[in-house]
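A short worksheet on the structure shown next.
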Amino acid sequence: MAKEQMTPMMTQYLKTKEEYEDCILFYRLGDFYEMFFDDAIKASKELEITLTGKDCGLSERAPMCGVPFHSASVYIAKLIEKGYKVAICEQVEDPKTAKGIVKREVIRVVTPGTVVDEELLDEKNNNYLAVIYSQRDKYGFAVSDISTGEIYTTEISGADEALNEIARYEPKEILLNSDAAEKLSAQVELRFHITPDECTDDFFENSEFEKNILQQFGKNSLSEIALDTKPYAVRAVGAMIAYLEHTQKTSLTYLNTINTYEVNQYMDIDVNTRRNLEITETMRDKVKRGSLLWVLDNTETSMGARLLKQWIEKPLINPIEINKRLYSVKELTENIMLRDDLSAVLSGTYDISRIISRISLGTVTPKDLIALKMTLLQLPELEYTLSNVKSPMLGDMRKNFDLLEDVCDLLERAINDEPPALLRDGNVIKEGFNEEIDNLRIAMRDGKKWLAALENEERESTGISKLKVGYNKVFGYYIEITKSAIKDVPDYYIRKQTLANCERYITPKLKEIENTILGASEKIVTLESYVFEQVRTSVSEEIERLKNAAHIIATTDVLLSLAQTAYKNNFTMPEISDNGKIEITDGRHPVVEKMSKNSMFVPNDTLLNNDDDRMIIITGPNMAGKSTYMRQVALITLMAQIGSFVPAKSAKIGIVDKIFTRVGASDDISSGQSTFMLEMTEVSHILKNATSKSLIILDEIGRGTSTFDGLSIAWAVVEYIQNKHKIGAKTLFATHYHELTELEEELDGVKNYRIAVKKRGDDITFLRKIVRGGADDSYGIEVAALAGVPKEVINGAKKILKKIENDEIVVEHTAKKHEDTTNQIGFGDSIANEIADELKNMDVTTYTPIEAMNKLYELANRAKEI
Ligand code: ADP
Ligand code: MG
């Protein structure tokens, strides 16, 4: 581009844009934010707004589009949602007094992970930014939600673990140094639908990191925040502070607490397990309804909803901490009065966590401050309600209970109870708080009275009864007289405006009153924002105390929610230990149970330990309930470690360090990639990371490949996990390979179970009960009949099955002994051979009833030719 020909404005634009290349630049021009060149082309498409052009000094006009400044937040929200960053460039001097081109500066960069505006945030979810620094196989990990002021950091080894940690938070934005980008980008993009930022090495290079961190958190040494032994985390946190300052363009003093943790402080749940167990959203539709969170969330407040989600994201492994939560939940489940009182108090509170952040960032609105006051007004009642609690965790909250009366009093005196949405609309500061504002308001009110008096006076003196005093923005106050009365207008009236049927005049006296009124109202606006700012500053000095109140409200809400859930759903308190035993009596699946309101959910027992009952192999027909049962065991364990009651008559839960679930390829409804490859990658991840304290759920693994491959893999995997020298983890393994039931005899710690079905004639009934022993039959044909496949086809299938079964025994044995002889099937002729092959390789469970019918029909016809 020939820069020298550019208009001065365009030169300024391009210079600014150079600094914010990765953003869409909103360039303020009068009442609009304009976008140019590529930004304009992109934004006009994404926002569905018209693309025009602007002369920029070059032969071709610059592509341009724009949005009105007062409704910009809607458009910004849309762009952020689509993963863009928006740099907001404002006029920083008054255009009226500016010499030459108005000075402009980027005052804020809005990015998906650094949003603070209420309209852009989801109230029940944290909005996290993750910053990851890696070098060799070490990862420093920092996460922040600046809308609530939370920061977490840890160090991780290995890319897998890094991905798991990302999955824990589901950040909206990820910043990586180039090394981390190389290792994680592809995976991150695939799994989280966010495009990580890759050109950010600058943020990670700074010799001042330590100093900046100490300053941010007000500490003298890194050891005070447990970062002295975590050089990688220091890099990540340092880069995060730099990035936040870069986007917010202000120092973030309220982000003064950091939570440094070790990954093994919490239960480790990998990306796939989170998805498979549908912990916070369902696998298919990605919605909350149908997830564990959906069952557990009975919170009254958004702060509680977000904290509950955090508890679910980070299940505990320390029995003392878990019990602390459980005993409080217990106290609440046993006391309906206490629950009712607390829920009444909590329902009167607002999201003060986010209000606190807006107070610090200076974007708080008058309505926010009233919401804060309303919340603080609930504190005495909350203290009173908690006055008799006995459990330690609820008790802790009552200790040092701060009613924040001073802040409450200030807000009560300063801010009008029903303020307008925006400060500039006026009437924000309450009467009696600031004398000057009061006086100006009196002047305004008097001015209005004077106007009314003037109107009367003028009517009388002129004798024009229809004379009216009015106001418009262009001419100010005027006296309006209809055309018919114009003849009576006195000389000292000065004509201002002529309309179709009337004339408008001013008089010197009217002008005088106008000056008083307009002058006062202008002064009031300035003064009100000054006083508001003072109030904001005073409140912001009490941030720590306010944060504490927010914490108490959120924690109480989560405990109450868990109690409400337990009460409503008839859950029971689990007994926590670290002896490795999981003993569940009459356990239920919390979600399936809740979803199937009308039909009875059949409860089942579970026994797992580190000795004779380490590995449970479950066989049984399709649809019997294997998957449901295994997930139920995983979910009950997980719930217990969150501190929740569990769906069971009784449950003893030996704490597990990690939960793994792998669902076989054909049951895996996601993805379009090679499912078998994916399945094996995940199996490999489990085998490498599981410990003797882990809980593993394997649902039909080995399905994605040919029968014998699959069986061999499944067999070897069982042996490896069962081996105490290798892993020895507690495992539930559902399989359609009945051959695996032989392992009970061969290996210690392995027990066979099946889900009982009742067969009468051709009919089968699912009993949903888990019993000892392997299944004798897979009842595939009966299930097909149940699905409505026509009788004729079912009968055909039975005949074929008989024929195959007669020889199959031979096939299986040879297969196990010499795999390469599997082709020597002893059928009489080649058609039969073909059919047998086809049947053998057929994965019946993947067929829809129609497909199954067609296939059977075709096979039956061919069989007739034998
Ligand atoms: P499998 O994995 O053996 O094919 P699933 O676990 O998918 O079977 O269960 C099939 C269906 O049976 C589920 O959709 C569920 O509605 C129902 N089901 C499973 N377990 C139970 C139970 N214990 N009580 C009632 N219904 C159940
Ligand atoms: Mg299943």
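Using N, Cα and C of the backbone, Cβ positions are placed for all residues, glycine too.
Remember, it's a predicted structure, so these values are computed and weren't measured experimentally.
Copied from TrEMBL, the annotated features are:
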type: BINDING; residues: GLY620, PRO621, ASN622, MET623, ALA624, GLY625, LYS626, SER627; note: ATP binding site
type: DOMAIN; residues: 694-710; note: domain 'DNA mismatch repair proteins mutS family'
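Positions of TrEMBL features highlighted on the structure.
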residue : record           : Cβ contacts under 8 Å, 6 or more apart
GLY620  : ATP binding site : LYS626, ALA734, ARG754, ILE755, ALA756, VAL757, ALA775
MET623  : ATP binding site : PHE766, VAL783, LEU786
ALA624  : ATP binding site : ARG754, ILE755, VAL757, PHE766, ARG768
GLY625  : ATP binding site : VAL602, ILE755, PHE766, ARG768
Packing count at ASN622 (ATP binding site) (other Cβ atoms within 10 Å of its Cβ): 18
Mean per-residue pLDDT computed across the domain 'DNA mismatch repair proteins mutS family' (694-710): 84
Distant-in-sequence neighbours of the domain 'DNA mismatch repair proteins mutS family' (694-710), which means Cβ under 8 A and at least six residues beyond its ends: 276, 582, 608, 626-627, 630-631, 633-634, 637, 656-667, 675-676, 679, 683, 686, 717, 721, 727, 729-737, 815, 819, 822, 840-841, 843
Of PRO621, ALA624, LYS626, binding-site residues neighbouring ligand 1, Cβ under 6 A: ALA624, LYS626
Three-state secondary structure, SER627 (ATP binding site) (per DSSP): helix
Sequence-ordered binding-site residues from ASN622, LYS626, SER627 with Cβ under 6 Å of an atom of ligand 2: LYS626, SER627
Within the domain 'DNA mismatch repair proteins mutS family' (694-710), residues counted as helix, strand or coil by DSSP: 4 helix, 5 strand, 8 coil
Shell list (ATP; ref centroid = CB of GLY620, PRO621, ASN622, MET623, ALA624, GLY625, LYS626, SER627; cutoff 8 A): ALA734, ILE755, PHE766
Neighbour count (Cβ, 10 Å) for PRO621 (ATP binding site): 24
Binding-site residues compared (LYS626, SER627) - highest count of Cβ atoms within 10 Å: LYS626
